[in-house]
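The disulfide bond annotation in Swiss-Prot covers 34-161, 84-311, 144-215, 230-247 and is backed by experimental evidence. Taken from Swiss-Prot, the feature N-linked glycosylation site covers 26, 110, 234. The signal peptide feature in Swiss-Prot is assigned to 1-17; the stated evidence is sequence analysis.
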């Protein structure tokens, strides 16, 4: 009789532990999420710098146009160039293109603003998630981000997230050097997104299992996010990165999948394909649109500059921008008085 009593007591203890374990997020995954957030913030710098390059190319086109006009006025257009025979048509085309390029440049700037905004929103969603988890820490073994010991993760364990003691003021800002450096990396958006996929991280780098850390933020059953009930719908962190069924009791059995793959009340899914996560879809679409518009404008400007360059006289080609403006103004004044 005593044997069965002890066995039942042990079984009861195991069941109780299973139902009430509140796992913590692994600091490895938290740092990866923050690294992605930093990269997304860097997109704002990237689109701005690439837009500035296109603006410079358009300015160069205008200078080439002035060089050509000076060459025509001084009768110094290279006579051997077949493409320079109909110089009047070429000039008309250039002037018409300059107006078109200004409109396309404005379209590119609008596209860059939308891409930067989408990236900023996505970065904010990720940052808020990790910030909430990092702050959810008690003085003992109760916390929501784990480094595998009985103490919570501190800022030195989350250096991809915080530039000092955990707090809102130490989150990396868009003007910080780390963000600017991220913008200069040659990594493509899809590469950075894939770094947080389930297959890239693995379950052991996402959730600390087998320990009760008291983190109610990863529990949707009663005694979790709400006091005495399960939720009435599925739940997500990071806009679709970490997804929970509506009644997850703890001891997470995490698998790869998306928010729409959470088919049972106790399922937990970490994104397998970040390009399907809602907050990243706009970034992918709008950044691709910016690149498309930018590349089209750059190609047209280059073609026009190449056509102009063949017909510019050697002396005009050697003039600095200041010299060009000065001589062009002199000739315009002379023509005005004729």
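Placement of Cβ uses the backbone N, Cα and C atoms for every residue, glycine included.
Recorded features from Swiss-Prot, shown on the structure.
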residue : record                      : Cβ within 10 Å
26      : N-linked glycosylation site : 23
34      : disulfide bond              : 24
84      : disulfide bond              : 19
110     : N-linked glycosylation site : 13
144     : disulfide bond              : 25
161     : disulfide bond              : 27
215     : disulfide bond              : 25
230     : disulfide bond              : 20
234     : N-linked glycosylation site : 20
311     : disulfide bond              : 22
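Of all the recorded positions in the record (26, 34, 144, 161, 234), the one with the smallest CA separation from residue 311 (disulfide bond) is 34.
Note: the Cα of residue 161 (disulfide bond) and the Cα of residue 26 (N-linked glycosylation site) are spaced 14 Å from each other. Here residue 110 (N-linked glycosylation site) is compared against the recorded positions 26, 234, 247, and the shortest C-alpha distance is to 234. Classification of residue 26 (N-linked glycosylation site) by DSSP places it within a strand.
The distance from the Cα of residue 34 (disulfide bond) to the Cα of residue 144 (disulfide bond) comes to 16 Å. Taking only the Cα positions, the spacing between residue 247 (disulfide bond) and residue 144 (disulfide bond) is 19 angstrom. Of the recorded residues, residue 234 (N-linked glycosylation site) and residue 26 (N-linked glycosylation site) place their C-alpha atoms 22 Å from one another.
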